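Copied over from TrEMBL, here are the features:
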type: ACT_SITE; residues: 341; note: active site, nucleophile
type: BINDING; residues: 248, 272, 288; note: S-adenosyl-L-methionine binding site
type: COMPBIAS; residues: 99-112; note: compositional bias 'Basic and acidic residues'
type: DOMAIN; residues: 135-387; note: domain 'SAM-dependent MTase RsmB/NOP-type'
type: REGION; residues: 86-112; note: region 'Disordered'
Ligand SMILES: C[S@@+](CC[C@H](N)C(=O)[O-])C[C@H]1O[C@@H](n2cnc3c(N)ncnc32)[C@H](O)[C@@H]1O
């Protein structure tokens, strides 16, 4: 495909999403009907679509509208590219720009340039103060790809070499032991020997730093109460000796966990709700709760446009319910750990304050926040000890 044909494909994918078809679904549907597209074409179309979604509001201002064509036009203008050279109508290129399209578009206002809905900007300011703008700006750019080294396998220096042989270049992340920032070949990670043999896992550096901050006693019985794919419990199992349990209200979300655990040489027991109750109490219960994902919106940029105050309210309700359920499974003097990949105060500090108000016997031992940065997502951690 030519660069212009890739732009046309991205326009079609964005138009298919206007009925709220998710980006991944719209891309898959397009790829099924575009057998001629190679992996580089698919990657380029995906990059266009995700770049637009991260910066949708400023692209709409620059392109003069919300259609796929206007958004791509705005994106090209933002990148300093010459839209006339792409919108040629030749081959599979987008048809030439009309006079109206040439005249449409303007520089984004400061509000539009943040690429956040206004109601969320207010929440960013409340939660992050002077750092709010940096967070909004960071969310406009592509996310870093990070790996977690498994110290139970080969030493880190050897693993870096093994990855390099498979075309994956990495550099260690400062201040996060064992975290590697992929600088080249991110799309080759899943096929690399180092990944298939369990030397590394894909995991954001902030999540790794948060798990590394947990005081897990030797031999602890640990329950990952919202385990999903198990990234958090697998990180803990790689660093500590303990007995590891995983639960999720949607058990299907744990379907990859046994294979991931086997690859990492870890043993994790999956528990349904009844089994959690009979296996309790635990020394540490981790609640990596469902959240707005506001610290990770550069990976899932549709979410920042789809979130509503009502949906946020419902998420906060679920988070409270989860804490309430999970606290009952912690042994006396044990730890309850609450984490989100959100930067919003109502999902973070306010939840912990609410919990402590309802449960005065618990002491807060630690609270940490990771900003959205070049190497990691926005992340929040609070550790509470039962009285
Ligand atoms: C943020 S995700 C977890 C990600 C996972 N810990 C990881 O590192 O990959 C939140 C998970 O909480 C689960 N969940 C939602 N409500 C729950 C509940 N009431 N009890 C337990 N898990 C719940 C969801 O199914 C989802 O898999």
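Even glycines carry a Cβ here, placed using N, Cα and C.
Tertiary neighbourhood of the compositional bias 'Basic and acidic residues' (99-112): same-chain residues 57-58, 60-65, 69-70, 73-74, 77, 118, 121, selected by CB-CB distance under 8 Å and a gap of 6+ residues from either end.
When secondary structure is read from DSSP and collapsed to three states, residue 288 (S-adenosyl-L-methionine binding site) falls in the strand class. Each of the binding-site residues 248, 272 was scored by other CB atoms within 10 A of its CB, and the lowest score goes to 272. In the predicted model, residues of the domain 'SAM-dependent MTase RsmB/NOP-type' (135-387) average a pLDDT of 97. Screening the recorded positions 248, 272, 288, 341 for a C-beta under 6 A from any atom of ligand 1 leaves 248, 288. Of all the binding-site residues in the record (248, 272, 288), the one with the smallest CA separation from the residue listed as 'active site, nucleophile' is 288.
Within the same chain, the residues at least 6 positions away from residue 288 (S-adenosyl-L-methionine binding site) whose Cβ sits under 8 Å from its Cβ are 224, 225, 226, 227, 228, 232, 339, 340, listed in sequence order.
Take the CB of residue 341 (active site, nucleophile) and look out to 10 A: across all protein chains shown you find 25 other CB atoms.
Spanning the listed S-adenosyl-L-methionine site, residues 248, 272, 288 have a farthest Cα to Cα distance of 17 Å.
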